[in-house]
Amino acid sequence: FFNKEGDFNNLTAAAYHKKTHLLVTGFASGIFHLHELPDFNLIHSLSISDQRIASISINCTGDWIAFGCSGLGQLLVWEWQSESYVLKQQGHFNSMVSLAYSPDGQYIVTGGEDGKVKVWNTSSSFCFVTFTEHNSGVTAVTFTSTGYVILSASLDGTVRAFDLHRYRNFRTFTSPRPSQFSSLAVDSSGEIVAAGSQDSFEIFIWSMQSGRLLDVLAGHVGPISSLSFNPMKCVLASASWDKTVKLWDMLDSWRTKETFIMNSDVLVVAFRPDGKELAVAALNGQITFWDHENAVQTGSIEGRHDLQMGRKELDKITAKQAAKGKSFTTLCYSADGQSILAGGLSKFVCIYNVKEQILMKKFEISCNYSLDAMEVFCVSKEMKDFFLFSAVNGTCMFFQEYLDRRKMTEFGSMALIDEGGGEIRVTCVRFCPTGRSWAATTTEGLLLYSLDSGLIFDPFELDVDVTPSNIHKTLSQKEYTMAIVMAFKLNEKKLIQEVIEAVPSSEVDVVCSSLPDLYVEKLLEFLASAFETSCHLEFYLIWTHKLLMLHGQKLKTR
């Protein structure tokens, strides 16, 4: 049929629904046709994209048709009878460069090389708004402390502010002379906006309220790579390729308060959430920690070997030599300031303990296999290469003594032929303010890692003989969680109070973490009413605090 139409070469995807005799066909031009078989009656055709349709699927009833367009990262669900979209999603066309969490951790904003700013819901994983005002690649994005304003910096020479209430670009900040902005920071009040230039080596300061340019900070002699405001003080830290980090004091007319000289080009700088420590990552793969008040270095992490890969067939140099070119380009402290997340020109993301300066965990973003506590040593027959799995930090290294002679031809090594697979890298990492998850923008997409399973689970059968005597018996056996659940099933206020007050304060943390989600809300409601009458104020506050720390994020998303 399509041969007769002359369209067969352009056919890229097809799906057939047996019950309704529907044939859906997708083409390279982005058009799809809906035919009824066996007569090939055309029901309708529609253009849904300007890229090839890569995949088609029909749901069990035959009402909804899903289309995937890999070129633009589009996912569409079409209801053909009402001719309307059920779902429309599209990712960034090019690589994502930057991300930021909203203060409550419910949203993530990403900026890409395609000039788009997208806002995603962390619980549904869907993008719900896209801003397309920038004319060039977006280099940095951030939320203000209110969570309703997003700021983005771009190579088009503008910093834009977007309102999440009305979904509009309400402020555009520009410099007197056109500049390509490579970094961005906003102070804790959300009133001062700073952006660093990669061509004029200056830092521009604007007022969010008026949109006016307040100051231009000059002093660096290389492109500005990163900016960070101290969360507790009016101090701005700037990192540059000129091998320095400068601290600027807002209260002292933006004078340079301190200059730290590094051994290598500085790529990223980040303040600890309490503002008392500064982390700096440089081109030599080192992360250094500074007590900026006293201008003293407090520690350093040699991260280069944690980023290194094995030697590939086409590598002319050893893995150790190749690692010299690896470095961290993005840093983020955890909410408690005890850990630091680092990523860069590698497929690994590392979490370090700041105090001990040791690697706690290493994530491989391409396949996410964790190799913790494995130790294998395997040698090939020819003794030319071997694998090492380290139990210390979970890394896998492949050592190859010689390049493979079997792949050598008169035109060179066959391994040098590019099969189109680009290098995997991490462009930005951020911890969620709740401390329960972290996210990374990578060449693989936007990845979220979480401690929460997201499931609501009630392990107790409803036909259990729940009586006051059984509850007292469970309580005497120190099975506090089960006793609380049974008390709520019986739903007698006096009994609930008795059970909760029988739990020792040292056990509250354990009970809260093991409590099924269904009963967390019930317990919070009970605590809220108990505050009115109870004399055990501190005890009930401990309960509330532990419950909200452990389950607050899940409650908010519901």
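Every residue, even glycine, has its Cβ placed from backbone N, Cα and C.
Among the features that TrEMBL reports, domain 'Small-subunit processome Utp12' is placed at 491-557. Assigned with DSSP, the residues of the domain 'Small-subunit processome Utp12' (491-557) fall into helix, strand and coil as follows: 58 helix, 0 strand, 9 coil.
Residue counts for the repeat 'WD' (89-130) under DSSP (helix as H, G, I; strand as E, B; rest coil) come to 0 helix, 23 strand, 19 coil. The repeat 'WD' annotation in TrEMBL covers 89-130 (among others).
Under the heading repeat 'WD', TrEMBL lists 131-172 (among others). Mean pLDDT for the repeat 'WD' (131-172) in the predicted structure: 96.
Sequence annotations record features per position, and here TrEMBL assigns repeat 'WD' to 217-250 (among others). Within its own chain, the repeat 'WD' (217-250) has Cβ neighbours under 8 Å at 182-188, 192, 194-199, 201-205, 256-271, 273-276, 278, 280, 282, 290, 292, counting only residues six or more beyond its boundaries.
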Q) In the repeat 'WD' (217-250), how many residues does DSSP put in helix, strand and coil? A) 1 helix, 19 strand, 14 coil
Q: State the non-local partners of the repeat 'WD' (131-172) in its own chain: residues 6+ outside its ends, Cβ under 8 Å from one of its Cβ atoms.
A: 94, 97-104, 107, 109-119, 178-186, 188-190, 193, 195, 206, 208, 211
